[in-house]
Structure formats: C-alpha cells, structure tokens
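What TrEMBL says about this one:
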- 20-37: transmembrane segment (TRANSMEM)
- 57-84: transmembrane segment (TRANSMEM)
- 96-119: transmembrane segment (TRANSMEM)
- 139-159: transmembrane segment (TRANSMEM)
- 171-191: transmembrane segment (TRANSMEM)
- 197-218: transmembrane segment (TRANSMEM)
- 238-262: transmembrane segment (TRANSMEM)
- 286-309: transmembrane segment (TRANSMEM)
- 321-340: transmembrane segment (TRANSMEM)
- 360-382: transmembrane segment (TRANSMEM)
- 394-414: transmembrane segment (TRANSMEM)
- 420-440: transmembrane segment (TRANSMEM)
Amino acid sequence: MGSILNRLESEQTTKLLREYSISAIIGSLVVAIYNIVDSIYIGHGPNLGDHAIGGLGIVFPIMTFFTALGAFVGTGAATRFAIYMGEGCKDKMDRALGNALVLIILLTGFFVLLTYIFIDPLLHIIGATQDTYHFAREFLIYYLPCCIFLNLGFVLSSVMRASGYPQKAMYIMLLGVILNIILAPIFIFIFEWGMRGAAIATSIAAFISFVIFMIHFLERNNTLTLHKHKLNLDKKIVWAIMSIGVSPFLMQVAASIVVFFINNRLSTYGDSIAIEAYAIANRLNLIIVLIIVGLTQGMQPIVGYNYGAKKIERVISTVNQAIKAGVGIGFLGLIGGLFFSDIAVRPFNPTSALASKASGVLKIITIVLPLSGLQMVISNFFQSIGMPTKAIMLSLTRQFLFLVPLLFILPLFFQLDGVWISIPLADVASTILAVIIYIGQIHKLKEKYIYMQ
C-alpha cells in the first residue's frame with residue numbers, strides 16, 4: 001500500500017492521469033460497447049432491423065438509469081476511498097468497500113423489481129410505439145437481471161482503480177466486452193434468439209466479470225480486502241458515499257429523462273425515423289462522452305487523495321491537465337462527427353433514409369463535444385474534492401435549466417429542426433456557467449494553498 005500512496009503523492013501527475021484514465025476509459029466504454037455491439041448485431045439480425053434498433057433506443061433511458069445507480073455508489077465509494085486513503089484512515093477504506101457493495105445490491109435489486117412490475121405502462125410512458133414496443137419489451141425483460149452484475153462490476157472496478165490497480169480493472173472490463181462480442185452473434189444469428197439473445201449475452205459477460213472482480217477483493221495481499229464484518233451498513237459511511245455519488249447519479253438520471261423529452265418532441269414534430277436516427281446518433285456520440293467520463297474517473301483518485309493530503313498544487317495541476325485532455329478528446333469527436341458520420345452509421349445496417357437522417361443528427365450533436373469535455377471535467381472536479389452541491393448544480397443546469405425549456409420553445413418556431421438545435425445550445429450555455437464557477441473555486445484553492453505555505 002505504501003508504494004501506491006507514494007505514487008499518488010509524488011509521481012508526476014501527467015503520468016498518473018494517463019495511467020488511471022486509460023483504465024477508467026476502458027471501464028467506462030464497456031457500457032457503450034455493450035450497447036453498440038447489441039445495436040449492430042440487432043440491425044443485421046433475422047426478423048429485426050430498424051424497428052428493433054428503435055426499440056433499443058426506447059429502453060435506453062431505463063438502461064441509463066441503472067447505469068446511474070452504478071455511478072451513484074461506485075463513484076461515491078471510489079472518491080471517498082481516495083480521500084480516506086489520503087487521510088490514512090484504513091478502517092474507513094475497508095468499510096467504504098463493504099458498504100458500497102451492500103448498498104448497490106439493495107438499490108439495484110429494488111429498482112429491477114419495480115421495473116418488472118410496471119414494465120408495460122413504463123414502456124408506453126417513455127415513447128414505445130406499435131412498431132417498437134415488442135422489441136423494447138423483449139430486450140428489457142432479459143436485460144434487467146444483468147443490471148445487478150453490471151453495477152457490482154462498476155462499483156468494484158471504480159474502487160479497484162482508486163486502490164491502485166487501474167490496469168487490472170481495465171483487463172477485467174475488457175474481458176467482459178470480448179465475451180459479449182463473442183456471445184451476442186451466437187445467440188442472435190445461430191440460436192435466433194433476437195432481442196433476448198443480445199440481452200442474455202450481456203448478462204453472461206457481466207456476471208463473469210463480476211466473479212473475477214470478487215476474487216481480487218477476497219485476496220489478502222491487496223491494498224483493500226473485503227471482510228464479512230465490514231458489510232454491515234454504517235450510516236456515516238453510506239452518507240459519505242451517497243453525498244459524493246449523488247452528482248453523477250443525478251447527471252445520468254437527468255440525461256435519461258432528457259432522452260425521454262427528446263423522444264417525445266421527436267414523436268410530436270417528426271416520425272419513427274427521427275426517433276431511430278437519434279437512437280443511432282446518440283449511441284455513437286456516447287462513445288466520446290464515455291471516453292471523457294473515463295478521463296474524469298481516472299482523475300478522481302489523484303485529485304481526491306491529494307486534496308485529502310492537503311497537496312493543493314497537485315490538485316490544480318491534475319485538473320488543468322484533465323481539462324486539456326477532455327477538450328482535446330471532444331475535438332476528435334467533433335472531427336469524426338463532421339467528416340465521418342456517413343461511415344459511422346453504416347454498421348447499424350440502416351435503410352438509406354435512416355442513414356441520411358442519422359448522419360445529419362450526428363453532425364449536430366457532436367459539434368459541441370469540446371465544450372462537453374470542459375464541463376464534465378469541471379463537474380467531476382467538485383465531486384473529487386467532496387463538494388457535491390456544486391457538482392450537482394452543474395450536472396443539472398444543462399438538462400433542466402437549459403435543454404428542457406429549449407426543447408419546448410424552439411420547436412414552436414423551427415419544428416423538428418428546433419429539437420436538434422436545442423441540444424448544442426444547451427451545452428454552450430451550461431459550459432459558460434461551469435467555467436465561471438470553476439474559476440472562482442480555483443482562486444479559493446490557491447488562496448488556501450498560499451495560506452498553508
């Protein structure tokens with residue numbers, strides 16, 4: 001454990017950020033790859049096609065909600081763990097892991113049961129049409145059980161990275177992706193299981209990854225070991241995890257709700273092709289977004305540890321490097337969206353009309369990716385230093401303060417185009433607000449550093 005602490009405290013922040021971020025990016029991309037692999041195979045599957053992809057797009061808000069639960073507990077546990085590690089509190093480190101596992105099982109299990117009970121009205125509420133309802137329902141029924149293992153894997157991988165094993169976490173997550181890529185075509189094309197085949201492949205891959213993660217934490221020679229007596233819920237530890245994790249949770253839940261509003265506006269001012277085009281474009285855009293999410297997750301243990309250890313100059317250095325990287329990744333996504341959108345949508349096997357529409361939508365929503373990179377790093381910075389209120393505020397401004405009102409105002413003047421324009425405009429407004437708040441906080445940290453010196 002000592003060597004890990006020494007690295008976080010003294011090693012060059014650029015090297016640490018690169019090492020931790022690559023692992024976190026792989027872990028973050030797992031969700032996107034699962035979804036994209038499923039979409040591509042479903043687009044080519046027997047008796048499936050465009051409406052099946054639309055059905056997958058309909059359940060995307062539900063999938064996002066369960067991913068948000070994983071981020072709620074996983075990000076909160078990893079951040080608190082890093083801060084406890086910086087403070088040298090070994091008992092709290094162990095309790096953070098045990099409490100996080102119990103908490104994610106209880107939360108995910110409860111909402112899985114609730115979704116099963118209300119599955120039919122829920123699908124109608126989130127926009128399932130006569131063409132997409134059957135596909136959406138079939139996929140969701142078989143996908144829900146895997147949510148528990150996906151979320152357990154998310155929590156364990158987050159804590160594993162924070163405890164000094166970023167590469168090991170990356171390899172385990174990659175194994176899950178490879179298994180899904182192998183199993184999905186077998187179940188969809190050979191067994192002809194259709195939508196349920198895609199969901200079952202994801203479930204098996206998630207379960208195997210979870211088992212390997214658990215083996216790591218049951219070993220006695222690690223920085224952090226799972227103990228039976230540390231599984232009892234501790235109110236203070238649970239609150240410490242939740243107070244940090246609530247920001248990424250609300251951010252992803254808000255994103256899920258916004259997808260519902262976008263689908264609603266698309267069905268009002270457009271048609272099923274518009275909804276299916278957004279489903280494809282959103283999945284492709286998600287690749288870049290999750291790469292940036294991985295970058296911010298890689299930043300967390302470095303910032304959290306050094307903030308806990310009162311090394312403010314390393315905190316500021318790490319965040320500034322993450323901002324540059326986040327904006328750079330966003331620019332790569334922007335270039336890809338503008339110049340390669342036609343190529344990007346082809347693997348989904350769309351009709352010519354759907355391909356043309358999806359390509360156009362992708363160009364619109366990727367144009368502000370550099371700003372998204374900046375805003376996401378700033379929001380995660382506040383999570384990492386234990387300031388959830390500011391992180392929550394920044395997470396919600398884009399979705400509810402700017403985007404939802406624009407979705408209802410602009411279509412009145414520009415019809416369907418107004419829906420598409422709303423998305424980049426909300427990003428511009430929310431990024432300006434994030435930069436203003438970030439600059440103020442950095443000034444406070446610098447003053448604190450000067451005073452401590």
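Even glycines carry a Cβ here, placed using N, Cα and C.
Between the transmembrane segment (139-159) and the transmembrane segment (420-440), the number of CB pairs under 8 angstroms, six or more residues apart, is fewer than three, so the stretches are not in contact. Contact count against the transmembrane segment (286-309) (Cβ pairs under 8 Å) is highest for 20-37, out of 20-37, 171-191, 394-414, 420-440. Within the same chain, the transmembrane segment (57-84) stays apart from the transmembrane segment (420-440): fewer than three Cβ pairs sit under 8 Å, each pair at least 6 residues apart. Counting Cβ pairs under 8 Å that are 6 or more residues apart, the transmembrane segment (420-440) and the transmembrane segment (360-382) reach 3 or more and are in contact. Beyond the ends of the transmembrane segment (360-382), by six or more residues, the same chain brings 247-248, 251, 277-278, 280-282, 284-285, 288-289, 292-293, 295-297, 299-300, 303, 319, 322-323, 325-331, 333-334, 336-338, 341, 344-345, 388, 390-391, 394-395, 398, 420-421, 423-424, 427-428, 430-431, 434-435, 437-438, 441 to within a C-beta distance below 8 angstroms of the stretch.
Against the transmembrane segment (238-262), stretch 394-414 shows more Cβ pairs under 8 Å than any other of 96-119, 171-191, 394-414.
Cβ atoms under 8 Å from those of the transmembrane segment (171-191) belong to residues 26-27, 29-30, 33-34, 37-38, 41-42, 45-46, 48, 153, 157, 197-198, 200-202, 204-206, 208-209, 212-213, 216 of the same chain, restricted to positions at least 6 beyond its ends.
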